[in-house]
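Look at TrEMBL and you will find 79-99 tagged as transmembrane segment. Annotation source TrEMBL lists domain 'CheB-type methylesterase' at 80-254. What TrEMBL records for SER92, HIS119, ASP210 is active site.
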Amino acid sequence: MHSGPSREASRRQQAGLAFPLSSACSRDGAIQNSEPSVWHGLGSHLRCSTTASSYRKSSTSWGETGSGRVDIPARKEGVLVSGFAIVVIGASLGGVHALQELAAGLNPRTPAAFFVVQHIGRHPSVLPAILNRCCALPVMHACNGQTFRAGHIYVAPPDHHLLLKQHEICLSRGPRENFARPAIDPLFRSAACGYGPKVIGVLLTGRLSDGAAGLHEIRERGGLAIVQHPVEAVCPDMPVSALQHAGADYVAPLIAMPGLISKLADSVVLGEEALPQITGAEHG
């Protein structure tokens, strides 16, 4: 006999989520086609390190800190066409564990090159070594001028923004954005400008609002956005900010992301108009 709502359902209700698992979500909790208006007001119901007023303030100065934004490398007219998808991933507080879980599930046959920004500042980074222990794909720190390939994961090195330019990696020590270098927005913007609809942006747990502006740019240029479900994020600030200001094509828990990314990458490469459907999900 059913004695009442499950622990997960109770948690979702306490968080103020408007999506019961039986309708708008798949069995693994993924939500499809979520627009910003749906998520307004969510931040006050979650364990956040910033207030709702902080979100409003940050949204007026996306990508700007100190002297301004990092310049995107010059590009030729039109969108570059590659034989694989460009998957850009951003994370901050709680990101190492989230990246481990995501990387562990990635299929090495996924037709995509992966690029990761984890907020680390100037501190030495062993993130590639950590991810290599749990991931079937080779993981490495990105190098300036390096030609990138599908089936590899490139991680932003300490104190450098990671940008993409015509099938090459460009490292920059431009101004900090959202108080960070490396920052997520510069990577997302450069990918959107260079690769348009071939980009899949993934935003994970983290403080403040880095990634929201870049995710908006990705969607504006025809790319796809996946945001970690705020309820499971160690710090939901970044997912909530992105959902409030940019929306998302998919909101998903980490366990659902590897399979979703693989399906989306296949769709992007094949140029299919119909995006893969999540079983049990509803269109927004």
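Glycine is no exception: its Cβ is also placed from the backbone N, Cα and C atoms.
Whatever TrEMBL says is automated annotation, not expert-curated.
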Alpha-carbon distance [HIS119 (active site); SER92 (active site)] in Å: 5
Largest tally of Cβ atoms lying within 10 Å of a Cβ, found at which of the active-site residues SER92, HIS119, ASP210: ASP210
Cα separation, ASP210 (active site) to HIS119 (active site) (Å, whole number): 10
Reported mean pLDDT - the domain 'CheB-type methylesterase' (80-254): 96
